[in-house]
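Per TrEMBL, these features apply:
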type	residues	note
DOMAIN	A:46-180	domain 'Exoribonuclease phosphorolytic'
DOMAIN	A:219-281	domain 'Exoribonuclease phosphorolytic'
Amino acid sequence: MGLPNASEDLSSEMEVDAFRRLFPLRYFERHLTESIRPDARPLRKARDTTIALGAVASADGSALAKIGSTTMLAAIKMEVMTPSLESPDEGCIAIDFHMPPICSPIVRPGRPAEVAPVLSKQLSDTITSSGMINLKELSLVSGKAAWMAYLDIYCLDADGALFDAALLSAVASFSHLQIPVVSLDYDGKIVIMSEEQKEENSETKPVNKEKRKLTLSTIPFSLTCILHKSYILADPTAEEESIMETLVTVVLDSSGQLVSLYKPGGSVLVYTSAVQDCVALTRQRVKELQNILDDAISGMEID
Amino acid sequence: MAAKPGTASTTYSPVDPTHKTKPSIFTDSDWVRPDSRGFQQCRPAFFRTGAVNSASGSAYAEFGNTKVIVSVFGPRESKKAMMYSDVGRLNCNVSYTTFATHVRGQGSDNKEFSSMLHKALEGAIILESFPKTTVDVFALVLESGGSDLPVVISCASLALADAGIMMYDLVTSVSVSCLGKNLLIDPILEEESCQDGSLMIACMPSRYEVTQLTVTGELSAPNLSEAMQLCLDACAKLAQIMRSCLKEAASAAEE
């Protein structure tokens, strides 16, 4: 490696796999000049994406999202809390992102991945600031009781674009969320109404008869791109992320408005034109993701 | 909007007050199991290998509502602090998701299950085949629906096979709950919560060797031997299902 052009000369003699491991950057750049990526994707194409709703029966809402082999499982559990004095008519959402040791060789038990809390915060910020959820809808009894929605996202397989997959699974689990019918008992506690109670007109009245589903006004979707020299690679794999470091994540909502834009450092300084290209790519991707989510939801309704 | 410290303890999940904790019918002779299975009938088992691409080997198992994913990493370099060892090391970890149980949990490691998994697998793996290195077996219970540990053990041995780790045989595990006079195989959560005693066996069916046997609670001697036989028979059947899953994966890879 000491010689400037050592890899150039070796590449013709070496086996492809060895070249890939020894000179990953050269290996990728060779592909890029041919406008193709090692997994046979064009540079600006995202991997196949699927959503399965209702993957966890013990949760109130859940979704499994897959982008390529990156897999995220999100589930929501609804609990009751006393709303704060400042906002007596609002519920709350607590978002946590977990990377258990099963997802990647880098994560070991007892030594959590550094990116997990960072992504946790990013997801929380994005979902809050997008205005997707009206917290007033989570209110049960003004000043007395409101829902606390615990959203936990587990990364089951980490292969790049973790934020995109996590956000997708999060919004999908909110669209699957079915809020249980509850009533107020004599002690002022919120209890679940049983099937019989719902049918007969007993004196216990449900407090949230109409509010079983959240109205998601705008849904945020995201796309992560790698910038390398003048190339833009959409939806990177873990290998690509480890070789080329400059990432840009654009979050747009379903109406095409910009929710957030992250460019966490990296060696490439971004020109406005590159950012605009990324936003344009995200705009296309949002349409794709919206269709995938709509298909998943309509698939559930038929069942 | 993230949960502030201390807020977690002030929330509670609403309960159904009409739901009885222990149905009295469990002791009757003519009751049926909540999922209308026979007493000696296991839940339908589903296995799939290759669930996690970034792992050396992995498997997903689903028994009714019990859903488990196991990844195997390695053999890879042991931790620096480890002493030299002629034989390989096995490292196991079992954890639960926060939404696995009915009431939201902490999602922490389950130390007891981790060590039980380790002991159940240790005897089946040919540790001499990877000296100086470590094989990591990590399990995540996505949803807990009863008989969690037996499902984790069976799933882990399948993941080890998927990773190409040398073993004497697949390890399969089944548990039996004793409720009154009845023995119930492969109990679900409700049945486990009101059992009088239970027996769990992990074995290598082709060699007819038991790697782990745990008995808890009350179990009479005749019940014990009957329960053991039930478990061993079920383990042999489970091994067939797991073997066919491995064969399917191998033939799919060839094509």
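Cβ coordinates are placed from backbone N, Cα and C, and glycine is handled just like the others.
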> So how many of the residues in the domain 'Exoribonuclease phosphorolytic' (A:46-180) end up helix, strand or coil by DSSP?
Replying inline: 37 helix, 49 strand, 49 coil
>> Give me the DSSP three-state residue breakdown of the domain 'Exoribonuclease phosphorolytic' (A:219-281), ordered helix, strand, coil.
In response: 16 helix, 26 strand, 21 coil
>> Over the span of the domain 'Exoribonuclease phosphorolytic' (A:46-180), how high is the average pLDDT in this prediction?
In response: 92
